[in-house]
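Enquirer: My questions all concern the structure below.
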Amino acid sequence: MSFRSLNSPPLVAAAGAVIVAGLPFVQVGAVSMAALKVANIVAFVTNTTAVSIPGRMDGDQDARMRQGDMNPHDESTPLNNNNNIVQRNRTLVAPAGWAFAIWGPIYLGEAIFCGAQFWDPTMTAAVPSMTAPFVAANLTQSLWCASFRSSYSQGWHKYISVFMLGGTAFSLSQVPFADIASPYMIPLTMHFGWTTAATLVNLNGSLAMGDNTSERTIIAAGHLSAVVATALGIGITVTQTLPVYGFTVAWALAACSSGMKVKPDDPSASSTLKAGAKVQQILLLAGSVLSAGASIYTLLQ
């Protein structure tokens with residue numbers, strides 16, 4: 001039996017549900033420190049390996065857009081004639097290619113964290129309290145890689161990837177950031193902020209893929225997502241004193257404003273969608289400024 005044969009929507013959804021639902025009940029008190037450190041490394045390697053496996057929905061286009069090699073609106077762009085991609089392009093929440101550069105410092109920083117748990121006293125002391133959420137986050141993101149594929153584009157299957165990203169953000173929210181004063185926590189905070197925004201991006205894209213999803217529904221989802229992201233960007237930043245989280249959400253919202261698939265002046269879009277896009281751009285920019293402002297506020301306290 002191959003790993004590919006195990007990639008079935010019900011199985012992946014069940015695995016993610018078990019991880020997310022079980023996280024609050026995980027007790028690591030009886031587990032040795034060495035085992036916890038190894039678990040962190042194995043989970044991180046699993047995630048980075050899963051991310052590197054080709055075949056994710058629009059993976060080739062995404063990779064080349066990050067390098068600035070192609071125009072996502074050009075008909076000659078690979079996968080632009082794929083119906084799943086065409087449908088997803090109706091979304092009002094889609095980041096520009098440059099936004100994905102954030103994965104570089106996130107993965108590099110988390111790789112360093114995996115090493116720091118062996119030599120930094122602060123991180124060593126924090127291992128018991130953060131291993132469960134860190135492992136859960138890496139496993140759910142690995143399941144996102146398995147589910148963000150064309151084979152999951154029908155019915156409820158297309159929302160499994162949304163759940164997996166949401167599970168990643170939820171898992172990272174369980175990390176006791178306030179109790180761990182260390183620069184090694186910065187990449188994990190960035191990961192938390194980015195997956196918060198990415199969950200909303202994924203939700204809007206999956207919603208737009210529905211053949212019966214109206215433009216008004218897409219617009220409403222886009223506007224609500226911008227408001228929710230802003231509220232989380234401000235609320236979590238201020239209440240938990242996590243300026244890096246707010247700056248990351250601000251980065252994501254600015255990228256979504258810059259990378260909107262539907263532009264307010266897009267001649268190919270309907271008047272309804274263009275009007276919605278105009279409001280959406282304002283909401284995204286305002287949310288970016290407010291989230292960044294919340295971060296600056298916490299830094300000045």
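Backbone N, Cα and C atoms are what each Cβ position is placed from, and that goes for glycine too.
Relevant sequence annotations retrieved from TrEMBL are reproduced here:
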COMPBIAS  57-76  compositional bias 'Basic and acidic residues'
REGION    55-82  region 'Disordered'
TRANSMEM  12-36  transmembrane segment
TRANSMEM  159-178  transmembrane segment
TRANSMEM  184-205  transmembrane segment
TRANSMEM  217-238  transmembrane segment
TRANSMEM  282-300  transmembrane segment
Enquirer: Out of 12-36, 217-238, 282-300, which stretch has the largest tally of CB pairs under 8 angstroms to the transmembrane segment (159-178)?
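Expert: Between the stretches 12-36, 217-238, 282-300, 12-36 has the largest tally.
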Enquirer: Under an 8 Å Cβ to Cβ limit, what residues of the same chain, 6 or more beyond the ends of the transmembrane segment (217-238), are close to it?
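Expert: Apart from its flanks, the transmembrane segment (217-238) reaches 90-93, 173, 193, 196-197, 200-201, 203-204, 207-208, 245-246, 249-250, 252-253, 256, 272-273, 276, 279-280, 283-284, 286-287, 290-291, 294-295, 297-298.
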